[in-house]
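Here the structure is laid out as structure tokens; the discussion comes afterwards.
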Amino acid sequence: MLPHTLNKMIAKVKKSEVWGSVEAPPSKSYTHRAIVIGSLGQYSRIEGPLLSADTLATVGACRAMGAEINVKDRELEIAGVIGRPKVPDDVINAANSGTTLRLCMSMASLAEGATVFTGDASLRKRPNGPLIQALNDLGAICYSTRFNGLAPIVVQGVLQGGEVTIGGGISSQFISSLLISCPFAKRGTVIKVEGELKSRPYVEVTLEMIEKAGGSVATDFREFHIESDQEYSLKSYRVPGDFSSASYMMAAGALAGKVTVNNLFESRQGDAAIMEHLLEMGANVYWDREKGSVTVEQAELKGIDVDVGKTPDLVPTLAVLAACAKGKTHITNAAHVRYKETDRLHAITVELKKMGADIVEEPDGLVITGGKLKGASVEGYDDHRIVMALAVAGLAASGTISISTAESVSISYPGFFDDLKRIGAKVEL
Ligand SMILES: O=C(O)C1=C[C@@H](OP(=O)(O)O)[C@@H](O)[C@H](O)C1
Ligand SMILES: C=C(OP(=O)(O)O)C(=O)O
């Protein structure tokens, strides 16, 4: 089900004590990559994928480009296009999902014809200029219909390969996109990154998945060297748990009781850093790596300095924790957090202020002085991470908070409110 077909929902959350354990949902980032890489390959079987609005948008896009994808309850079976996607019969709607749009743009550049991508109102505001430019530099034809770097976007093959330079400051998804599809270009490709590569762990996840599928990329993270004529096959791949989704449940434990999140084993996900941040803030955190379970217990929290260059998706969670911590938290290196489903630096500032927080928005960060939160009517901006972070804030606030667009949790964590209730949160939908 795509988000724009869902009914609007308000979530009411009251101050609560939470206690118990939940399963981290499967990783959204790994699932997207498994679907696209599987679709470009021959045959793949993906166990335990995340089935959410965003990953189903990727399934739809890859099917439109010719992949046969059998969606079962806990498994995806893919008969891929072996490097040669077909030209879709219709426009591809990537809905709310930046990863779908960006990863599938390069895939479409391998087709002998034109593919048109669009998305919902949020996605049509998110920048794609550097990827559009890079695809043109590599011999495809690619343009925004409004010539402003935004979707709708037309991509026409065929990708030739060659050398390209791309800025690292807006989205790592541009680089992930090229890395996944360039092995099927006519000749080899060299991608050079200019400036700091923001969100780098997501590129590491991409490289891990390419390798698992039998592909290879040589890199020092400034340059990526990719040979042509490669093949992919993810014979039997199991998706790991999602640390970004787990961060809300960990924060719930840190603010309102004790929560164990299972299905969290070692992986390349940058957002595993939430555990270090919680420890530094003073929460009790215990990670049993063998069992894959993380337990977080409430304690008095203190403010910290935190650079989120590698972990933009943690910002809403960190902002809520900081608003309840003693002293000052400085979130830095966060300019790229403005290019998400909404401008998350602005959204979380405005909404936490309604709850009484002392929070100052900087061009590339936030300064938050902790205190007490109170009930309020807050906006979710159709943004799953803003909604989930505000719900956690509600556990620690006096009174009740009402959060609009609560249905957007279906983007990455469809069972979010059920899990919150399971650990004792007072939630009404
Ligand atoms: O590639 C991915 O799976 C993602 C990369 C990150 O985006 P940026 O690279 O645009 O920062 C992250 O914010 C997003 O939720 C998922
Ligand atoms: C930004 C996100 O995802 P995407 O870029 O795929 O829309 C997210 O999940 O926070």
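Including glycine, each Cβ sits where the backbone N, Cα and C put it.
The shown structure was predicted, so the numbers you read here are calculated from the model rather than taken from an experiment.
TrEMBL lists LYS28, SER29, ARG33, SER171, SER172, GLN173, SER199, ASP313 as binding 3-phosphoshikimate, and of LYS8, LYS12, LYS291, LYS340 the one it places in that same site is LYS340. Annotation note: LYS28 (3-phosphoshikimate binding site) sits in a helical segment as assigned by DSSP.
Residues LYS28, GLY98, ARG126, GLN173, ARG344, ARG385 are the ones the record ties to phosphoenolpyruvate, and the longest Cα gap between any two of them is 19 Å. Of all the recorded positions in the list ARG33, SER199, ASP313, LYS340, the shortest Cα-Cα distance to GLY98 (phosphoenolpyruvate binding site) is found for LYS340. Within the same chain, residues at least six positions away from LYS340 (3-phosphoshikimate binding site) with a Cβ under 8 Å of its Cβ are GLY98, ARG126, PRO312, ASP313, ASP383, ARG385.
Take the CB of ARG126 (phosphoenolpyruvate binding site) and look out to 10 A: across all protein chains shown you find 21 other CB atoms. If you measure from the Cα atom of ARG33 (3-phosphoshikimate binding site) to that of ARG344 (phosphoenolpyruvate binding site), you get 24 Å.
In the three-state DSSP scheme, LYS340 (3-phosphoshikimate binding site) falls into the coil class.
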